[in-house]
Amino acid sequence: MLLFFTLGLLIHFVFFASIFDIYFTSPLVHGMTPQFTPLPPPARRLVLFVADGLRADALYKLDENGNSRAPFIRNIIMHEGSWGISHTRVPTESRPGHVALIAGFYEDVSAVAKGASGDHVYTYSYDAKREDFGAQDATKLDMWVFDNVKDFFHRARNNQSLFSKINEEKIVFFLHLLGIDTNGHAHRPSSRDYKDNIKKVDDGVKEIVSMFNHFYGNDGKTTFIFTSDHGMTDWGSHGAGHPSETLTPLVTWGAGIKYPQRVLAQQFDDAFLKEWRLENWKRLDVNQADIAPLMTSLIGVPFPLNSVGILPVDYLNNTDLFKAESMFTNAVQILEQFKVKMTQKKEVTLPFLFTPFKLLSDSKQFNILRKARSYIKHRKFDKVVSLCKELIHLALKGLSYYHTYDRFFLGVNVVIGFVGWISYASLLIIKSHSNLIKGVSKEVKKPSHLLPCSFVAIGILVAFFLLIQACPWTYYVYGLLPVPIWYAVLREFQVIQDLVASVLTYPLSHFVGYLLAFTLGIEVLVLSFFYRYMLTAGLTAFAAWPFLTRLWTRAKVTSLSWTFFSLLLAVFPLMPVVGRKPDISLVMGAGLLVLLLSLCVVTSLMKRKDGFIKEELLVHLLQVLSTVLSMYVVYSTQSSLLRKQGLPLMNQIISWATLASSLVVPLLSSPVLFQRLFSILLSLMSTYLLLSTGYEALFPLVLSCLMFVWINIEQETLQQSGVCCKQKLTSIQFSYNIDITQFRQLYLDDIRRAFFLVFFLVTAFFGTGNIASINSFDLASVYCFLTVFSPFVMGALMMWKILIPFVLVMCAFEAVQLTTQLSSKSLFLIVLVISDIMALHFFFLVKDYGSWLDIGTSISHYVIVMSMTIFLVFLNGLAQLLTTKKLRLCGKPKSHFM
């Protein structure tokens, strides 16, 4: 079985990684010839201001008094330059945003974690420790940039080498302003800090522009571009495709830029113009990658080789000939990528299998280019621009076609592997852990060599097919993985036959009813990823469950408790998602409830008279102290950050010590079922309080109460069916040494138990205010541990916050398995099958078209459900460790048996 789970884990890692190979691979191609406009450019130099994390509405919208937060930029819009909205793409992070702005292409999702390099780029930046979310004033990051640019030019006046270098042509000055992003994360975009930072940036830009004009003697050869790499949600995060993240400002002025155009009406689907009171100034929207070709045409450098940006000619203030030539160069540059991509795909595809992109044949390319040259010769410049745009759109479609050429092949292989794995896991459950086919089996036939030989032949054919097409090694994984999986399935042909025979003897109405109920349950789980209130509906149905069965007559108190806590938990998915304002009073309230529960447990321990009393009492008092310290740290840290005094060092030490001890202290408690589970709750709650900012602090408490009732009600259910006698929970102990002869076979009702677990795990994620998006994580959660920006540490802490409710559910699941005398392997296999069916469902829903919000959400759904499936294996092991391992404060560890 260990081998099975190890192979299963590897297979799931392959399925998890497949989404990035199928949908999100690097778009880069190599071997193109650089293209540049054969006319003198209007500018000698360009200054690019990137205000990190600045939303379009935050810049353009007037304040409550009708004044602009950025008066200098607004004056540019009205009197000197052109403006619009730059539409970014997922992932809305800094590196992909900068690459799109400067190189003109959109990186694959995985590139967000990469660094930047280049031998022709000279950088000067501050230390990463300056980006402190608890600092007194994050605007100092932007002031540092402005001050150092001024110092740089001051030094240039006294340094002949530097002076001559910055007086050369085709120079880009890139000023990355991080203060707005930092203030947005720390205080949210609606805060006074964020809005004041915009004013500071506006003042700084004004000074820098004045300094540039003065330094270069007002030669009129400098172009200025002010934009942002990404926006930010209302709760201070980014990374996904919400409009607040993808709509960024773009304001341009200076050499080669068209002056403001007054208009009477504009055609846009949104109401921004009226809201911003800019309806009379022509708005020119672009895609973020379009800014790269705009900059290249302005300073006369070759278009970036992999750029997919389309030159926004409406921004240019130049001759029609220049616009036409620039647009023609842009079209040729993108067409070059198309040709290289087509050639690469053609070389590695068998001739009879290769299907070219029919909309842009060689003859059509030649005809469009020839016609465009003819129009330029006859000075029909408008027709050149429109013809080149047509060619660009066709070339981009062709690039996408060849970029996704193998998608169908890879997708089919992954789906075949997925279905095969689900089938094999289901057959393993039926064969080894159920009574469904007992007595049906006939005489076992001698295994034939035909089946293994057939699959070996299929594997060789697949490998040969991939080899002659020079496919990447990952294609071999996706192509060959289904072969052994389906071999394992068909090896169980006898089990399949027996299963069919057994099902045929079952009443059709019952079979269809159970199938519909199972399908409905899966669909509710899938829909809960889109609509959190589906979890509320499910929990409400759970609340009514005891009354629809005979449980109500057998265990009234347990049934009422189940109903009460189910309805109480059902409230959480209806609460606001992350981004609500921090409410420390709720965190304090959760802490007080934990202390109250602890007091009850300590009181009960004091009444006991056995040898464990002192040790257990000491452990519980230690956990109570940890909870009190956590409450103090949360309160004092919040107060300190509000005063902008940063994170106190002592608070930071206590927080990390609490986190480190949270997985060790429960091992010191008694292995008696209730006491061990309560000890785990207390330890994890101390950490969870430190990571909470509002109502989610109450969630683990309510969830744990429901889990304890679940353990009781499952025991009642099993006793009702006559499978086993009821044991007192106070007499049951967790132990590694469980008598396997006490395990029973699976029954139909165990599928419901497995479904309950999956439902509670999904509730554990969405019930705490998370949404299925990368932007659902609130950095304020980790401020008790650190405030200096550290993406990997912060990400790990937020991941642990998400996993804590999962651990509580899995520990309760261990108890359910123990009290219902069920093998953890058998029930876990059912859970795995349910999770995999959900994952397959989401695999079909992944898309890379439509709105960027839809694209980002579809990726997130698949990643979350696959991560949950993979983490289940680790969480199952962690839950077993937390529930069964026993440490002692002194002396040798003592074993406990059932």
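Just so it is clear, glycine is given a Cβ too, placed from its N, Cα and C backbone atoms.
Database features (TrEMBL):
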DOMAIN    397-851  domain 'GPI ethanolamine phosphate transferase 1 C-terminal'
TRANSMEM  408-430  transmembrane segment
TRANSMEM  450-467  transmembrane segment
TRANSMEM  473-490  transmembrane segment
TRANSMEM  499-518  transmembrane segment
TRANSMEM  530-548  transmembrane segment
TRANSMEM  560-578  transmembrane segment
TRANSMEM  584-605  transmembrane segment
TRANSMEM  647-668  transmembrane segment
TRANSMEM  697-713  transmembrane segment
TRANSMEM  754-772  transmembrane segment
TRANSMEM  827-847  transmembrane segment
TRANSMEM  859-879  transmembrane segment
Cβ-based contact of the transmembrane segment (450-467) with the transmembrane segment (473-490), 3 or more pairs under 8 Å: yes
When counting Cβ pairs under 8 Å to the transmembrane segment (584-605), the leader among 473-490, 530-548, 697-713, 827-847: 697-713
Residue numbers, six or more beyond the limits of the transmembrane segment (697-713), whose CB comes under 8 Å of its CB atoms: 546, 551, 555, 558-559, 561-562, 565-566, 568-569, 572, 586-587, 589-591, 593-594, 597, 673-674, 677, 681, 684-685, 688-689, 729, 756, 760, 763-764, 767-768, 804-805, 808-809, 811-812, 815-816, 819
Maximum Cβ pairs under 8 Å to the transmembrane segment (408-430) - stretch from the list 499-518, 530-548, 560-578, 827-847, 859-879: 827-847
